[in-house]
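Here's what TrEMBL has on this protein:
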BINDING   Ser12, His70, Gly146, Phe147, Gly148, Gly149, Asp177, Gly178, Gly179, Gly199, Ser200  substrate binding site
BINDING   His37, Asp39, His70, Asp177  divalent metal cation binding site
ACT_SITE  Asp39  active site, proton acceptor
ACT_SITE  Asp177  active site, proton donor
Amino acid sequence: MSFSRALKIAPSILSADFANFGAEIEAVEAQGADWIHVDVMDGHFVPNLTFGPPLCAGIRKHIGTVMDVHLMISPVDAYIEAYAAAGADILTAHVEAGPHSHRTLQAIRGAGCKAGVALNPGTPVEAVDYLLDMVDLVCVMTVNPGFGGQKFIHSQIDKVRRLRAMIGDRPIHIEIDGGVTPETAPLVRAAGADVLVAGSAVFKGGSVANPGPYGDNIRAIRTACDTAV
Ligand code: DX5
Ligand code: ZN
């Protein structure tokens, strides 16, 4: 995985057909997805429950691109090995998930994964200031984590701009997660983001039997961003 700030669209399988993940992933990759975003929720850090390590290991064989695993769990450290063994390329933990983010990020790299840190909308960008030398990705949440299909929080655009300035020349991805649509994507792209997670905006209107809309939806986000940079 060589570093680039080129635009990457990462469909979140939270909006896929839960009875058919393998085929959904293959369909969305064939339609132009750059990464596959997997939202892990524990019913404690966020008020929803999703995917354990065995499910991640099961879908891994269907992912031909990058498996981007977003851990919305607390505590994190005890589960890092299991999600790394399940085949995650990137493991992202929330800075709010515990008092020892520095240790968590070290453990993620120690397990052989790229390390990401995520910020909730209410968390200031300075929270990652002293972590930047040990991360490969910063995820700016543009909704409160827990559910797909929520409305984009515009105050986060300024956070992205400030984060981009803090990062400077470091090879760190800026990922946006929540409420990404062709309307909101250009705003965060222009502010410095390179990875756009999109769940409902990618999967709407399509299916494994009719995957064309997935491609149309991905292209609509890309085209909207082309005008932004
Ligand atoms: C929210 C998740 C997101 C979510 C995005 O907690 O982290 O990845 O699936 O969904 P949309 O794109 O529908 O806002
Ligand atoms: Zn996510």
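Using the three backbone atoms N, Cα and C, a Cβ is placed for every residue, glycine included.
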Among His37, Asp39, His70, these being the binding-site residues, pick the one whose CA is nearest to that of Gly146 (substrate binding site).
Asp39
Could you check which of the binding-site residues Gly146, Gly148, Gly179, Ser200 have their CB within less than 6 A of ligand 2?
none
Show which residues of the chain containing Asp177 (substrate binding site), separated from it by at least 6 in sequence, have their CB under 8 Å from its CB.
Ser12, His37, His70, Ala118, Cys139, Val140, Met141, Thr142, Val143, Pro145, Val197
Here the binding-site residues are Ser12, Ser200; which one has the lowest number of other Cβ atoms no more than 10 Å from its Cβ?
Ser200
Could you state the CA-to-CA distance between Gly179 (substrate binding site) and Asp39 (divalent metal cation binding site) to the nearest Å?
14
Determine, to the nearest whole angstrom, how far the Cα atom of Ser200 (substrate binding site) is from the Cα atom of Asp39 (divalent metal cation binding site).
13
Rounded distance in angstrom between the Cα atoms of Asp39 (divalent metal cation binding site) and Gly148 (substrate binding site):
10
Gly146 (substrate binding site) CB neighbourhood, other CB atoms within 10 A:
17
Which are the residues of the chain, His37, Asp39, His70, Asp177 excluded, whose CB is within 8 A of where the CB atoms of the divalent metal cation site average out, their centroid?
Ala10, Ser12, Leu14, Val38, Asp68, Val69, Met72, Thr92, Cys139, Val197, Gly199
Cβ-Cβ under 8 Å from Gly148 (substrate binding site), same chain, 6 or more residues apart: which ones?
Ser12, Leu14, Ser15, Asp39, Gly199, Ser200
Neighbourhood of the substrate site (Ser12, His70, Gly146, Phe147, Gly148, Gly149, Asp177, Gly178, Gly179, Gly199, Ser200): other residues with Cβ within 8 Å of the Cβ centroid, in order?
Leu14, Ser15, Asp39, Val143, Pro145, Gln150, Val197
